[in-house]
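Accompanying notes for the structure given below.
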Amino acid sequence: VHGGSMAAGWERPPAATSFTLLLSLGAFASGLLRETPAAPLRLAALSAGEVHRLITYIFVYEDLISLTCGAIIIWYFAGSFEKNVGTVKHCFLTITFAILSALLYLLLESVVSRVLKVEDAKGFMPVAFAMLGVSTTRSQMKSTLFFGARVPVVLLPWFMLCIAWFIPHSSLLSNLCGLLVGEAYGLGYCFCLDFPESVGSKLDQVFPFSLLKRIPGLKYIPGSLAERRAFES
């Protein structure tokens with residue numbers, strides 16, 4: 001964290017976001033080598049005891065186009081979210097949002113699939129929508145620019161949801177579930193999932209976060225708001 005002077009104009013990438021991206025690339029490369037892509041989220045797999053699918057589906061991509069879109073989404077949404085909440089809370093909420101979005105998706109999928117074709121839940125996008133939902137519900141801004149037009153901040157995720165529909169292999173239902181989870185958390189309905197900044201600061205000092213802090217070239221974001229502000233300045 002206290003590395004030497006950085007090249008002008010270059011900023012170290014957030015630590016947890018970088019690892020999320022590396023895990024996605026690793027899962028995709030592993031699928032290519034084995035010639036069997038990683039499996040998406042399915043109720044049958046959970047029934048067979050594969051509960052890890054509630055998290056691992058966020059690293060699953062079908063082809064290079066969806067992987068590229070996923071990498072951009074991780075870099076932009078997860079990166080800015082990590083800078084706002086700190087690395088520890090970012091890791092905790094990424095896992096939490098992935099599980100809650102998956103459970104809501106599986107609950108709704110059995111009903112919606114009777115009427116419409118439902119794309120499998122896979123990739124980081126549901127978690128990105130959860131993060132966007134949190135950010136917009138807690139934003140101090142009333143409006144923002146969206147393709148040159150000024151729109152209310154609270155409506156921004158819903159416009160983005162419509163655009164995401166056109167991304168290859170994107171699941172509208174899982175993205176919607178992610179957004180609903182994020183907005184519920186942002187509005188305070190999931191307060192039981194929050195932990196005080198003092199806990200985040202303590203976790204900064206223990207493994208694996210203590211190891212993350214020492215990796216050169218990556219930017220570890222402290223759990224305390226005061227530390228983050230001091231760190232930025």
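Each Cβ is built from the backbone N, Cα and C atoms, and glycine gets one as well.
Features reported for this protein in TrEMBL:
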| type | residues | note |
| --- | --- | --- |
| TRANSMEM | 15-33 | transmembrane segment |
| DOMAIN | 49-189 | domain 'Peptidase S54 rhomboid' |
| TRANSMEM | 54-78 | transmembrane segment |
| TRANSMEM | 90-108 | transmembrane segment |
| TRANSMEM | 145-167 | transmembrane segment |
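In terms of DSSP secondary structure, the domain 'Peptidase S54 rhomboid' (49-189) contains 95 helix, 9 strand, 37 coil.
Packing against the transmembrane segment (15-33) from elsewhere in the chain are residues 56, 58-61, 67, 70-71, 74-75, 78-79, 82, 87, 90-91, 94, 124, 212-213, 215, 218-221: each is 6 or more residues past its ends and has a CB under 8 Å from a CB in it.
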